[in-house]
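What follows is one structure encoded as structure tokens, with my remarks underneath.
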Amino acid sequence: MSNLSPLLVRQLGIQDYQTVWQQMQTFTDSRDVDTQDEIWLVQHPAVFTQGQAGKAEHLLQQTTIPVVQSDRGGQITYHGLGQQVMYVLVDIKRQKALGNEFNVRQLVSALEQAVVNTLADYGIHAYPKADAPGVYIDEKKICSLGLRIRKGCSFHGLALNINMDLSPFHFINPCGYAGLEMCQLADFIDPQQASCEKVAPKLVAHFAQLLGYNATNF
């Protein structure tokens with residue numbers, strides 16, 4: 001995929017989910033054939049998000065944590081501080097026009113493999129599942145994934161648990177799976193080394209390498 005354009009990476013810090021969601025929609029609706037593909041790195045304050053396939057019964061208990069009905073794929077998940085969210089705003093249609101063999105499934109696979117490779121940097125064996133998108137360690141889920149495609153362009157992305165309070169996951173069936181256990185990087189390495197600031201550059205670099213982007217701006 002040597003024809004891919006440079007990838008612009010934006011660090012958004014900590015931002016409200018709905019604010020960034022609206023910005024993603026605006027960006028996608030307004031982009032043209034010359035708009036650079038982008039990655040947005042962000043952490044969200046505590047929020048449950050329901051995907052398009054989400055069912056109300058997967059929220060097991062009402063809490064003070066807000067619930068947002070999102071337009072991404074998938075079911076319910078939780079976002080909180082200490083979780084690295086990476087949104088991918090990629091013009092899939094343009095890459096096909098450039099002659100690159102590029103589709104939604106390949107984008108999903110690249111996201112999952114980027115997480116697998118990032119965790120391998122820490123000596124951790126992780127893997128995707130063909131029947132349940134995301135990344136797992138010993139049957140526990142460490143990364144959730146959901147995309148939306150509009151006008152041939154992707155938005156939304158992945159959420160990788162780094163060093164966070166996992167207890168809100170007990171109030172839901174994560175990604176629609178009853179009893180699914182969640183885990184995080186801090187469970188496997190020195191928690192002092194498990195930070196979004198340390199992990200994000202590795203995650204971006206692996207994603208860019210997998211898809212052949214020729215530059216990143218971090």
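Placement of Cβ uses the backbone N, Cα and C atoms for every residue, glycine included.
According to Swiss-Prot, the active site, acyl-thioester intermediate annotation covers C175, on the basis of sequence analysis. Here the Cβ of C175 (active site, acyl-thioester intermediate) has 22 other Cβ atoms within 10 Å, regardless of which shown protein chain they belong to.
The DSSP secondary structure for L158 (substrate binding site) is strand. Annotation comment: Swiss-Prot describes R72, G73, G74, Q75, I76, T77, Y78, H79, S144, L145, G146, G157, L158, A159 as substrate binding site.
Annotation comment: Swiss-Prot describes 33-215 as domain 'BPL/LPL catalytic'.
According to Swiss-Prot, the feature site 'Lowers pKa of active site Cys' maps to K141, an assignment based on sequence analysis. Using a 10 Å Cβ-Cβ cutoff, K141 (site 'Lowers pKa of active site Cys') registers 22 neighbours.
The Cβ of L158 (substrate binding site) lies under 8 Å from the Cβ of V85, M86, V88, L111, V115, C143, S144, L145, each of these being in the same chain and 6 or more residues away along the sequence. Proximity of R72 (substrate binding site) to non-local residues of its own chain (separation of 6 or more, Cβ distance below 8 Å) is seen for T49, G51, Q52, G146, L147, R148, H156, given in sequence order.
If you measure from the Cα atom of K141 (site 'Lowers pKa of active site Cys') to that of I76 (substrate binding site), you get 14 Å. Taken residue by residue with DSSP, G146 (substrate binding site) is part of a strand.
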